[in-house]
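First comes the structure, then the notes that go with it.
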Amino acid sequence: MDFSGSFFVIFVTFFFLPPLSSAGSYDSGSGLESLARGMLHSAKDPEFFEWMRGIRRKIHENPETGFQEFKTSQLVRDELDSLGVKYKYPVAKTGVVAWIGSCSKPVFGLRADMDALPLQELVEWESKSKVDGKMHACGHDTHVAMLLGAAKLLQTTKHLIKGTVKLVFQPGEEGYAGAYEMLKDEILDDLDGILSVHVFPSIPSGGIGSRPGTVLAGAGLFTVTVHGQGSHAATPHFSKDPVLAASSAVVALQQIVSRELDPLEAGVVTVGYIEGGHAQNVIPQSAKFGGTFRSLSNDGLLFIQRRIKEISEAQASVYRCKAEVNFEEKKPSLHPVMNNDEGLYEHGKKVAEAMIGKNNFHDFPVTMGGEDFSFFTQKTKAAIFVLGVKNETLGAGKPLHSPYFFVDEEALPVGAALHAAMAVSYLDEHGHSHEEEVKSEL
């Protein structure tokens with residue numbers, strides 16, 4: 001899609017945004033456009049943009065993996081201090097929750113994850129990762145920079161906030177269920193809704209996408225250890241071969257999706273690794289394999305989990321072995337399906353279209369990817385939107401989790417403005433409703 005001329009030129013500065021005058025004044029029409037485009041205009045100011053880009057690059061150069069985001073968290077707190085924004089730290093070890101507004105209901109959350117991946121960056125550029133074997137290959141550095149940008153926009157216009165905005169800087173998204181850990185803290189008990197924005201490399205830079213209802217799969221991880229009896233390879237009759245048993249189980253697990261699930265219901269069972277002995281002429285004592293399973297329904301996820309255990313144990317038994325099946329139960333073993341609240345989605349879509357035009361809003365397809373942001377759906381209304389960062393001229397378009405992943409930083413202002421405009425307009429609409437509820441109770 002050609003994005004030339006897709007952004008509107010704004011001549012009214014951010015500081016002259018019109019005050020809220022009546023309930024729902026930002027719900028649609030010129031009021032919402034003025035808010036959304038004004039936020040974007042301010043975020044695209046050269047000084048503002050360079051500030052955000054500098055934050056993003058500092059984080060990118062110093063990536064930290066799950067629950068080790070100490071420098072990243074310190075940077076977040078330093079920036080919040082400079083903005084005069086209050087916060088709580090630590091939340092879930094390295095997380096930060098900040099707030100702007102009246103400290104009263106309603107409360108709307110904005111979330112950014114902070115952790116990097118254990119991956120060697122292969123992109124050669126001036127802000128390449130300085131940490132060997134670690135890289136921000138999922139855009140979380142960008143998420144943090146955009147949320148800090150939103151904090152600056154909101155702090156400048158906090159007189160517009162009819163309630164409270166909570167800024168959630170979350171650790172440990174990549175396999176650590178950091179969202180689940182953060183939700184244990186009472187500071188997030190009062191959320192009335194929450195938004196997360198994730199960069200996406202197949203949408204043109206600056207475009208926004210989402211969908212109502214189911215958007216991402218529920219997911220789980222599993223490991224299976226098959227215990228047998230080892231022997232010399234020349235005397236297999238003295239063994240209980242765990243490699244053979246594990247191999248049979250891996251093949252049998254693929255029949256869950258092909259023969260046990262409704263063909264109209266999506267599901268995935270993928271074995272990502274298998275390991276056994278280390279010698280060519282020895283049958284080992286044990287073998288191990290592991291992988292992930294996905295479904296677009298929570299019931300489907302539970303069914304697949306149960307069948308992984310049953311099939312693995314049964315196949316091991318056929319070969320006189322025993323299978324030990326583990327679903328990482330020390331932490332949440334299942335990430336729930338990510339379902340966008342339809343009302344929150346519709347509101348976010350209106351904000352996005354008011355900001356960048358209807359032609360630049362994309363219907364995001366359902367995918368089998370997983371996101372621990374889905375834990376927030378069990379707490380409150382939640383919606384995830386994606387922000388395009390694709391720019392083939394820059395080489396930005398490689399998949400998430402690729403060592404060649406690269407971001408077009410020109411999208412930063414759009415993400416910051418989307419966060420801020422969404423929060424202000426949502427609270428404006430629901431703040432008046434909350435006031436009416438309080439009056440009726442009195």
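In case you wondered, yes, glycine gets a Cβ from its N, Cα and C as well.
Features reported for this protein in Swiss-Prot:
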{"type": "BINDING", "residues": "C138, H140, H198", "note": "Mn(2+) 2 binding site"}
{"type": "BINDING", "residues": "C138, E174, H401", "note": "Mn(2+) 1 binding site"}
{"type": "SIGNAL", "residues": "1-23", "note": "signal peptide"}
Under 8 Å Cβ-Cβ from E174 (Mn(2+) 1 binding site), six or more apart in the same chain: what's there?
T65, G66, D115, A116, L117, C138
Return only the integer: C-alpha distance in Å from H401 (Mn(2+) 1 binding site) to H198 (Mn(2+) 2 binding site).
13
Counting all other Cβ atoms within 10 Å across every protein chain shown, which of the binding-site residues H140, H198, H401 scores highest?
H140
Take the mean position of the Cβ atoms of C138, E174, H401, the recorded Mn(2+) 1 site. Which other residues of that chain put their Cβ within 8 Å of it?
A116, L117, L119, A137, H140, E173, L400
Three-state secondary structure of H198 (Mn(2+) 2 binding site) from DSSP?
strand
Neighbour count, 10 Å Cβ-Cβ cut-off, for C138 (Mn(2+) 2 binding site): what number do you get?
21
